[in-house]
Amino acid sequence: MSVWALFAFFSLFLSLSVRGSAEQCGRQAGDALCPGGLCCSSYGWCGTTVDYCGIGCQSQCDGGGGGDGGDDGCDGGDDGGGDGDDGYLSDIIPKSKFDALLKFRNDARCPAAGFYTYNAFISAAKEFPDFGNTGDDLMRKREIAAFLGQTSHETTGGWPDAPCGPYAWGYCYLKEINCQPYCDPSSNYQCVAGKQYCGRGPIQLSWNYNYGLCGDDLKLPLLQEPELVETDPVISFKTAIWFWMKPQSPKPSCHAVITGNWTPSAADLEAGRVPGYGVITNIINGGIECGQGGPNAANEDRIGFYKKYCDSLGTTYGSNLDCYQQRPFGYGLSGLKDTM
């Protein structure tokens, strides 16, 4: 056998061996993460080139640069401790990790500086036992990453060349700029004279019907005193987690979507609404951001926060991160408004 024939034989053997071996990461390998922070390709293999870290990458798509503590002061690890939260969610997101992910929330340039505390987050979360506590650790971390990703976009103070990048500036804002009444007179929850129901808190709760329904469920006078969402940090976080956990037909809850407990109907599938982070964007602001056929800045920002937080917490992204091809839930239904 010639040298070239031997070379061809061994090349074919190596190719078949690699193709025949088990995938290393992602959905092909039980949502496993690559060692050393390597990217997981769409096909379930670990590496650092654009083939692994580019389009379709499933996790750790910065190629190992995030979440492990860099010398630029932009990434922070956690110390593995409970940080005084009595163990609730501390195995998923201790205080040190919360502080690292929301690094600039207390910066003097942020209007919400000093408001969004870890203790307020934990106190509010305890009122919703399934929040961050459904499924295995990867799923639990994914839910926290998704919640913080969406709410960080809603409250971001970042800009493209901001210190540590745009995704270090979540939870910078507390109240919508140029607050408007946001009063729907057709709602069962009639507006109180002189009150404004503009976006407030992590999820930017908006409209009188959301304040009213949320207030009923939480047993708080939010319709009469919407300002509570911007003056009490525990209440503020409660409204955000309430919205996350609450299905409002025809929309499922964000919690059900991210934990894999939502099954799309035939109408959902026809509208392109399939399980994944993108449907959560549709739930929150689909009428403005979804169904445009291609990328938009708001979607990209939500996804950017989510990927950063998934990488830092050590979980995978899942599929269907955007809603570019999804029709909004309210499409063709008179009277149905976006909730944000």
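Each residue, glycine too, has its Cβ placed from N, Cα and C.
In the three-state DSSP reading, Glu154 (active site, proton donor) counts as helix. Residues or ranges marked as active site, proton donor in Swiss-Prot: Glu154.
Listed in sequence order, the residues of the same chain lying 6 or more apart from Cys40 (disulfide bond) and placing their CB within less than 8 Å of its CB are Gln24, Cys25, Gly26, Leu33, Cys34, Cys46, Tyr52, Cys57, Gln58, Ser59, Gln60, Thr316. Classification of Cys40 (disulfide bond) by DSSP places it within a strand. According to Swiss-Prot, the disulfide bond annotation covers Cys25-Cys40 (among others), on the basis of sequence analysis.
According to Swiss-Prot, the feature disulfide bond maps to Cys34-Cys46 (among others), an assignment based on sequence analysis.
Marked as disulfide bond by Swiss-Prot: Cys39-Cys53 (among others). All chains included, 19 other C-beta atoms sit within 10 angstroms of the C-beta of Cys53 (disulfide bond).
Residues or ranges marked as disulfide bond in Swiss-Prot: Cys57-Cys61 (among others). Around Cys61 (disulfide bond), the same-chain residues at least 6 positions away in sequence with a Cβ under 8 Å from its Cβ are Cys39, Cys53, Lys307, Asp311.
Residues annotated as disulfide bond in Swiss-Prot: Cys110-Cys172 (among others). Cβ neighbours of Cys172 (disulfide bond) (same chain, under 8 Å, six or more residues apart in sequence): Phe104, Arg105, Asp107, Arg109, Cys110, Pro111, Ala112, Thr155, Thr156, Gly157, Gly158.
Same-chain residues at least 6 positions away in sequence with a Cβ under 8 Å from that of Cys183 (disulfide bond) are, in sequence order, Cys191, Tyr197, Trp207, Asn208. The feature disulfide bond is assigned by Swiss-Prot to Cys183-Cys191 (among others), with sequence analysis given as support.
Under the heading disulfide bond, Swiss-Prot lists Cys290-Cys323 (among others), citing sequence analysis as support. Cβ neighbour count for Cys323 (disulfide bond) (all protein chains, 10 Å cutoff from its Cβ): 29. According to DSSP, Cys323 (disulfide bond) is assigned to coil rather than to any helix or strand.
Taken from Swiss-Prot, the feature domain 'Chitin-binding type-1' covers 23-63.
Residues annotated as region 'Spacer' in Swiss-Prot: 64-85.
The annotation region 'Chitinase' is assigned in Swiss-Prot to 86-340.
Per Swiss-Prot, the feature signal peptide maps to 1-22; the stated evidence is similarity to another entry.
Residue pair Glu154 (active site, proton donor) / Cys290 (disulfide bond) shows a Cα separation of 16 Å. Cβ crowding, taken as the number of other Cβ atoms within 10 Å, peaks at Cys290 among the disulfide-bonded residues Cys25, Cys57, Cys110, Cys290.
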